[in-house]
Amino acid sequence: MARGWTECSGPFAAIKANQYGSQLPTPNSQLPTPNSQLPTPNSQLPLPILTIESTCDETAAAVIGDDCQVLGECIATQEALHERFGGVVPEIAARAHLERILPVVDTAISESGVSPSELDAIAVADRPGLAGSLLVGVIAAKTLAIAWQKPLVAINHLHAHLYACQLSALQSSDRQSPGHSGSIYPCIGLVVSGGHTSLYHCTSPLDLDYLGGTIDDAAGEAFDKVAAMLSLGFPGGPAVSQMAAQGNRHAYSFPRSMIHEEHFNFSFSGLKTAVRYAIVGPGQQDFSRLELSDTVKADVCASFEAAVVDVIVRKCRRAVKQYACDQLIVGGGVAANLYLRERLQEAASEDRFRLSVAPPDLCTDNAVMGAIALEKIRRGEFASLSLDITPGLQRGF
């Protein structure tokens, strides 16, 4: 598996004319229209498929084979591009995707040993995410679907994060067949990441009822902003968590917004402001002029992390009880947070429900979780060439 831009940054020449060029439309061929029909798979169990992910700042592609096995994967990260800004800059992210999408796809396919003619479908995340980033992935997928005459499948990025929780079981020898993975359903699903903090009631991998989510900052975004305040670098989540492990979680009494509310919405903007006041006090003081000891930074991080986790765990426990579920599944970048995982496991033991958290390497954005496309293929749910992006998070996602 190729991860990191230095590992999969082969030149565009890597997409050799003798490998792909003969399958591209010629200048004199009739151009497809949005209503043009793409083929559908002939097999009942369509494999392998190519999946593409470009919702934020990771450019990723994977070839998924039998039993959801990863035949080839490539991820090009952008951390170095965004580090000096302390967060993802949408325009920079989109331009980087544009430069990297074809080499990333080329690397994943080459690693898999599967030729384009052997692919049964092309899947791409079309929602939600940054508009420019989504656009690059969707256009690339549609172009390849036309050139290679493959079915197109649209993926909901958030639903895919939850599907990542199942992949280890589906890939193991005692797994149930994908598409019949009903043993964990119904369940409560939590997606907690840099852009989203959402709760769902799930009756299948594709049938999710939105219960609530953040009304302002997502949990991961709050981590990044606190890291920026403390000059801990980017991405902020791992840096804050590492510092928090050395601190006192009771050093600061930060707010737990909406923790006692009966609904399932979240709010972390007030917590972020409280952290700012704890560091510099009210006003617009320059963080760069602060000289905080490592002890103070560790205590701030530990107290902040405890506040975020307290709210998330409380909401999850309430949702599991209210919907009479015995399973909680968790995905997204913040799901890799060790303290969150520990607290959720404690809650699962106390309340006697099962907990399934995505493996750490599948918590951050990746194309492997695009294996959820297999579920859509079995339902016969395909996209047309009129497929468009849906950047925003709306009710029902």
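Just so you know, glycine gets a Cβ as well, placed from its N, Cα and C.
Substrate binds Val191, Val192, Ser193, Gly194, Gly195, Asp224, Gly237 as TrEMBL records it, and from the list Asn156, Asn337 the residue named for this site is Asn337.
Matching Asp361, Asp365 to the Fe cation binding residues that TrEMBL gives (His157, His161) identifies Asp365. You'll find the Cα of Gly195 (substrate binding site) roughly 11 Å from the Cα of His157 (Fe cation binding site). Counting only same-chain residues at least 6 apart in sequence, those with a Cβ under 8 Å from the Cβ of Val191 (substrate binding site) are Leu158, His161, Leu162, Thr197, Ser198, Tyr200, Val330, Gly331, Gly332. The Fe cation site is set by His157, His161, Asp365; from the centre of their CB atoms, other residues of the chain with a CB within 8 Å are Glu53, Thr55, Cys56, Ala125, Leu158, Ala160, Val191, Ser193, Gly331, Gly332, Asn366, Met369. Rounded to a whole number, the C-alpha distance linking Asn337 (substrate binding site) with Asp365 (Fe cation binding site) is 15 angstrom. Residues Val191, Val192, Ser193, Gly194, Gly195, Asp224, Gly237, Asn337 are listed as the substrate binders, and the farthest two of them sit 17 Å apart at their Cα atoms. Taking only the Cα positions, the spacing between Gly237 (substrate binding site) and Asp365 (Fe cation binding site) is 14 angstrom. A separation of roughly 16 Å, to the nearest angstrom, links the Cα atoms of Asp224 (substrate binding site) and Asp365 (Fe cation binding site).
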